[in-house]
Amino acid sequence: MMAPSIDTMAEELDTSITESTMALSVYLLATAFGPLIIGPVSEIYGRKSIFHITNIWFLVWNLVCGFAHSKGLLMAARLLAGFGASAVYSLGYGVLGDVWSAEQRGRSLSLYLLIPLTGSAVGPIVSGFIVKYSTWRWMFWSTAILQLTLDLSSLLFHESYAPLLLRRRAEELRSNTGGSRYHAAIEMREAGLSPPRKLSRSLSRPLRLLAFHPIIQMQAILEGIDYGLLYFALSSFSALHVAAYGESVEISGLHYIVICIGTVSGSQLCGPLMDYAYQRLSSNTGETQVPELRIPLLLPGALITPIGFLLYGWAAQYHLIWVVVDVGAALLSLGMQIFDTTLHAYVMDSYPEHVSSASAATQVLRSLLAFAFPLFSNSLYDSLGYGLGNSLLAFLSIGIALPATGILWRWGATLRGRQQSSY
């Protein structure tokens with residue numbers, strides 16, 4: 001949402017463009033480390049309570065952003081707001097894994113992703129008009145008003161984490177019957193562990209997954225590069241239309257509609273196709289609950305993404321009509337969304353009891369690269385231009401995605417079989 005207002009904020013707060021871009025990117029830095037705490041803690045205390053706490057945290061610091069009168073306070077508040085918002089990266093996928101079966105994974109992901117993906121594209125459009133007719137501070141205040149509404153509606157949510165619900169049920173049965181024979185599986189597994197030991201073991205889980213589980217390592221690298229490249233290309237998307245096509249800030253923000261079209265189309269196409277392909281492959285092979293049956297859908301995403309990069313880059317390089325640039329950006333976001341949605345489903349299938357921790361582990365590299373890549377986008381495009389610059393990104397994307405798809409399809413089950421327990 002901040003992208004169209006970077007120049008305005010830089011002027012008012014007396015910062016450089018790089019420093020203003022840092023205020024945009026530091027939010028992503030928080031989303032790298034927030035899930036490392038939020039995800040595993042939700043597997044101890046439940047999704048519901050952690051969800052309420054992080055919602056309030058985000059609301060408070062988002063308001064502070066709107067009142068910031070120095071670049072230091074703005075960056076600090078953005079960092080802390082990002083920590084609260086990062087809950088969605090672990091709790092969201094955790095709830096999906098709690099509620100929907102593997103056969104419904106695609107449908108649940110497509111429904112879940114619809115609103116955040118739409119919001120990520122509509123946000124810059126709205127902020128462009130806010131900057132034009134009001135002040136950039138209302139970007140944060142209006143978001144806080146919406147967040148307050150969502151916080152109130154979230155009071156209707158129920159706990160969904162099965163191990164915690166079973167623990168509570170076992171405790172209730174022991175209390176009501178006076179017997180000690182009722183125990184949940186998680187209680188048996190954690191027998192003899194002190195509360196600090198349980199907490200430390202849970203908090204270390206995402207890092208243990210990232211350090212010792214090849215599946216998590218591969219997804220972290222793939223999603224990190226994908227997400228970083230997307231932010232790299234799109235961090236200058238609005239500025240391109242202002243500089244090359246002479247558009248105003250608020251009109252340039254309208255071009256983010258094509259990003260919305262690409263990402264939403266990717267998620268909504270991928271969901272039903274994923275469920276259909278999974279059920280068809282399960283029927284043909286006679287195997288069920290095999291995460292590798294998700295892998296074939298990575299291929300179209302891996303191929304569409306570089307096409308989008310090339311079209312976007314060379315159309316911008318030769319100042320072709322803006323429609324061509326936008327089609328390239330739409331294809332780029334479409335391919336990446338198909339690829340990332342499929343990867344998420346694969347990891348959710350691989351770690352059904354620790355979806356939040358697994359999502360947190362993969363989120364680290366994803367957010368770090370999304371934080372770092374935009375800092376160098378202006379330098380790359382100034383040196384190589386949009387054509388060669390995006391060609392480099394296209395070859396990097398396909399050069400990593402295609403081999404990784406083959407490795408997961410051929411050796412994914414073997415890698416999963418050799419990994420340590422996620423407990």
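Please read every residue number as a count from 1 along the shown chain.
Glycine is treated like the rest: Cβ placed from N, Cα and C.
What Swiss-Prot says about this one:
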type     : residues : note
TRANSMEM : 21-41    : transmembrane segment
TRANSMEM : 49-69    : transmembrane segment
TRANSMEM : 79-99    : transmembrane segment
TRANSMEM : 111-131  : transmembrane segment
TRANSMEM : 138-158  : transmembrane segment
TRANSMEM : 220-240  : transmembrane segment
TRANSMEM : 256-278  : transmembrane segment
TRANSMEM : 295-315  : transmembrane segment
TRANSMEM : 319-339  : transmembrane segment
TRANSMEM : 360-380  : transmembrane segment
TRANSMEM : 392-411  : transmembrane segment
Folded-back contacts onto the transmembrane segment (79-99), same chain, C-beta under 8 angstroms, at least six residues removed:
26-35, 38-39, 42-43, 47, 50-51, 54-59, 61-62, 64-65, 105, 108-109, 112, 116, 160-162, 344, 348, 352, 355-357, 359-360, 363, 367
Who are the long-range neighbours of the transmembrane segment (220-240) in its own chain, taking Cβ under 8 Å and residues 6 or more past its ends?
3-4, 6-7, 21, 24-25, 28, 124, 128, 210, 249, 252-253, 255-256, 259, 305, 309, 312, 316, 325, 329, 332-333, 336, 339-340, 343, 361-362, 364-370, 372-374, 376-378, 380-381, 386, 390, 393, 396-397, 400-401, 404
So are the transmembrane segment (138-158) and the transmembrane segment (21-41) touching or not, going by 3+ C-beta pairs under 8 A with a sequence gap of 6 or more?
no
Given the transmembrane segment (319-339), which of the listed stretches 21-41, 49-69, 111-131, 256-278, 360-380 has the most Cβ pairs that are under 8 Å apart from it?
256-278
For the transmembrane segment (21-41): best-contacting stretch of 49-69, 111-131, 360-380, by Cβ pairs under 8 Å:
360-380
Which of 49-69, 111-131, 360-380 shares the most C-beta pairs under 8 angstroms with the transmembrane segment (256-278)?
111-131
So which residues does the transmembrane segment (111-131) touch in its own chain, when a touch means Cβ under 8 Å and the partner is 6 or more beyond its ends?
1-5, 8, 88, 92, 96, 138-139, 142, 238, 249-254, 256-257, 259-261, 263-264, 267-268, 271, 337, 341
